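Before any comments, here is the structure.
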There are 2 protein chains.
Amino acid sequence: MCAFEKKEKYNVAIAGVTGAVGETFLNILAERNFPINKLKPLASARSAGKKITYQGKEYEVEELGHDSFEDVDIALFSAGGGRSLEFAPSAAKAGAVVIDNSSAYRMDDDVPLVVPEVNPDDAFKHKGIIANPNCTTIIMVVALKPLYDFSKIERVVVSSYQSASGAGAQGMYELEEQAKAWAKGEKLNVENFQYQLLFNVIPHVDKFMENGYTKEEMKMYNETKKIIGDNNVLVSATCVRVPVLTAHSESIFVETKDKISVEKAKELFSNAKGLQVMDNPEKNEYPIPLLAAGKDDCYVGRIREDISCENALSFWVCGDQLRKGAALNAIQIAELLIK
Amino acid sequence: MCAFEKKEKYNVAIAGVTGAVGETFLNILAERNFPINKLKPLASARSAGKKITYQGKEYEVEELGHDSFEDVDIALFSAGGGRSLEFAPSAAKAGAVVIDNSSAYRMDDDVPLVVPEVNPDDAFKHKGIIANPNCTTIIMVVALKPLYDFSKIERVVVSSYQSASGAGAQGMYELEEQAKAWAKGEKLNVENFQYQLLFNVIPHVDKFMENGYTKEEMKMYNETKKIIGDNNVLVSATCVRVPVLTAHSESIFVETKDKISVEKAKELFSNAKGLQVMDNPEKNEYPIPLLAAGKDDCYVGRIREDISCENALSFWVCGDQLRKGAALNAIQIAELLIK
């Protein structure tokens with residue numbers, strides 16, 4: 001169990017503060033009025049010296065180093081897996097609790113993997129590092145958990161529609177620049193994705209593994225088991241990048257042990273934290289990424305009894321992967337600790 | 001059985017010649033050098049009088065009417081279900097064989113529903129009208145059939161990524177105009193889709209049904225059974241519009257009676273007509289809509305043994321829904337008849 005000293009205000013470091021998630025960390029800390037004593041914005045040498053603003057006050061970004069964490073209570077990391085592996089142990093050793101947004105520690109037995117709506121108690125089992133799950137996984141498990149609590153889940157088949165900013169601020173920028181170039185009849189620049197993303201979809205998020213799945217797809221398989229705490233929950237994912245700026249969408253088929261009616265599913269979803277039911281097809285009301293972007297909650301709709309299987313539901317979820325899929329979830333973990 | 005008189009050349013009418021599929025009919029008839037004696041371009045009153053060009057010759061579009069089909073051998077219809085219901089019987093009565101691209105007759109017991117690679121023999125059972133299946137269904141069954149022939153299929157879970165031109169030429173135009181308006185910082189016009197399609201995805205194609213599925217999703221359920229000729233093939237679909245101009249993509253999970261290895265699946269796909277295997281992940285080779293657009297074949301990749309189920313495969317298919325999903329398939333049916 002963690003020995004986390006309760007204070008009135010906390011010293012908070014943000015590693016990777018200049019990235020898409022880093023920026024969202026700042027917005028959400030301010031929105032939620034997180035009790036910050038001292039803010040320490042950190043980034044790689046390339047970004048050190050840059051200025052960021054938090055609650056009207058300007059801060060200079062410092063270079064992330066092994067000695068960055070003296071007096072830090074909470075270190076929010078979103079600087080890539082390599083930097084987490086290198087610097088998170090130093091932060092933990094200096095006495096900070098690291099909440100790490102990378103995949104580096106997620107499957108480590110000593111590191112809890114936490115979605116506050118799903119497994120809040122796990123947060124308190126940390127040994128200095130808590131992992132924030134993969135964004136696509138977080139958005140899915142927020143919806144799966146209320147179903148799981150009603151009836152065990154046997155299998156999930158999910159296809160994702162992942163936005164450009166899932167690949168960082170530069171991914172979103174590339175998509176915007178492609179649209180501008182296309183409108184002017186100019187050549188489209190392709191750097192962050194394997195192919196042009198504008199007017200295209202790409203079934204390739206993160207690296208390919210030996211079994212033909214991508215790392216992103218295997219994260220959904222492995223992390224879901226760990227977060228829900230049941231190795232019998234099997235997830236087959238196909239992860240696809242789509243030309244959307246922010247917010248991921250997922251088409252989810254879930255086979256349950258017992259039958260769950262649509263009415264029951266809506267009731268379970270409605271009572272779940274972090275989830276909004278948006279399901280009035282006759283009024284064209286269902287989740288879309290344009291509406292989910294910038295929101296804290298995930299949205300679920302298109303809920304129907306599956307037509308191919310007796311005990312199964314199909315539904316559609318959208319969530320802002322920079323917020324609930326990353327920064328918000330990490331800050332909610334921090335809020336659990338200081339509560 | 002049809003009594004179709006073989007000739008050297010045929011009189012061919014195209015109803016709906018000014019639409020997205022109509023234009024593709026003209027391109028494909030020319031590409032394949034279809035033996036045309038007399039071409040009769042037809043459309044609604046609104047488009048009558050317009051000029052179209054076929055193989056360098058200009059034609060004036062005539063208004064579609066009950067008396068349009070005298071001397072016509074083959075009538076290709078893509079003018080919407082209402083016009084098919086109104087005029088296809090007149091065409092058949094006048095002696096033409098109608099190949100109808102709308103959904104009007106697809107589930108009619110007297111009307112064969114044909115994908116030439118899957119159930120060519122059904123084409124000859126017509127009574128004047130042959131139905132061309134739904135575009136998303138065609139692209140899927142071309143890939144399912146070789147698997148089905150090896151091992152019966154028990155269940156399919158499919159999520160689609162459908163392009164704007166699936167809603168007609170005006171859908172594609174709307175997406176293009178949205179991109180141009182966005183680049184100029186102007187207001188985006190939304191008419192053909194429920195919401196802005198640029199930088200968005202919309203889980204809503206065709207109308208909603210009582211059971212929560214859309215008509216498009218139910219077409220995939222019902223038409224697949226009829227085309228494959230097996231009511232035990234159950235398809236659960238989620239159909240989603242994505243900001244792609246042309247070519248539909250589909251993430252397909254298929255549970256089979258017997259196990260099919262990845263190697264076997266690749267062999268079966270490779271030997272199938274109308275299908276190209278594109279599956280070298282290590283070289284970033286997998287189907288994408290940008291590459292499938294304008295092609296006759298459908299492309300299959302991301303083939304893997306499903307991780308959630310013993311006898312199941314997951315894969316990804318792309319196909320040009322104006323070509324194989326509509327005009328090409330209809331013309332291939334005509335080619336079966338005249339062969």
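Using N, Cα and C of the backbone, Cβ positions are placed for all residues, glycine too.
Of the residues B:GLN321, B:GLN332, TrEMBL puts just one in the NADP(+) site with B:THR18, B:GLY19, B:ALA20, B:VAL21, B:ARG46, B:SER47, B:SER165, B:GLY166: B:GLN321. For the domain 'Semialdehyde dehydrogenase NAD-binding' (B:11-126), the model's pLDDT averages out at 97. Most Cβ neighbours within 10 Å, among the recorded positions B:ARG106, B:ARG241, B:HIS248: B:HIS248 holds that distinction in the structure as shown. A 10 Å cutoff on Cβ-Cβ distances gives B:THR18 (NADP(+) binding site) a total of 19 other Cβ atoms nearby, all chains included. Using a 10 Å Cα-Cα cut-off from B:HIS248 (active site, proton acceptor), the recorded positions that qualify among B:THR18, B:ARG106, B:CYS135, B:GLN162, B:ARG241, B:GLN321 are B:CYS135, B:GLN162, B:ARG241, B:GLN321. The binding-site residues shown are B:ALA20, B:ARG46, B:GLN321; of these, the one with its CA atom nearest the CA of B:ARG241 (substrate binding site) is B:GLN321. Sequence-distant neighbours of B:SER165 (NADP(+) binding site) (same chain, 6+ residues apart, CB-CB distance under 8 A): B:ALA20, B:GLY171, B:MET172, B:LEU245, B:THR246, B:GLN321, B:LEU322. Distances between the Cα of B:THR18 (NADP(+) binding site) and those of the recorded positions B:ARG106, B:CYS135, B:GLN162 are shortest for B:CYS135. Spacing of B:ARG106 (phosphate binding site) relative to B:ARG46 (NADP(+) binding site) is 27 Å (Cα to Cα, whole number).
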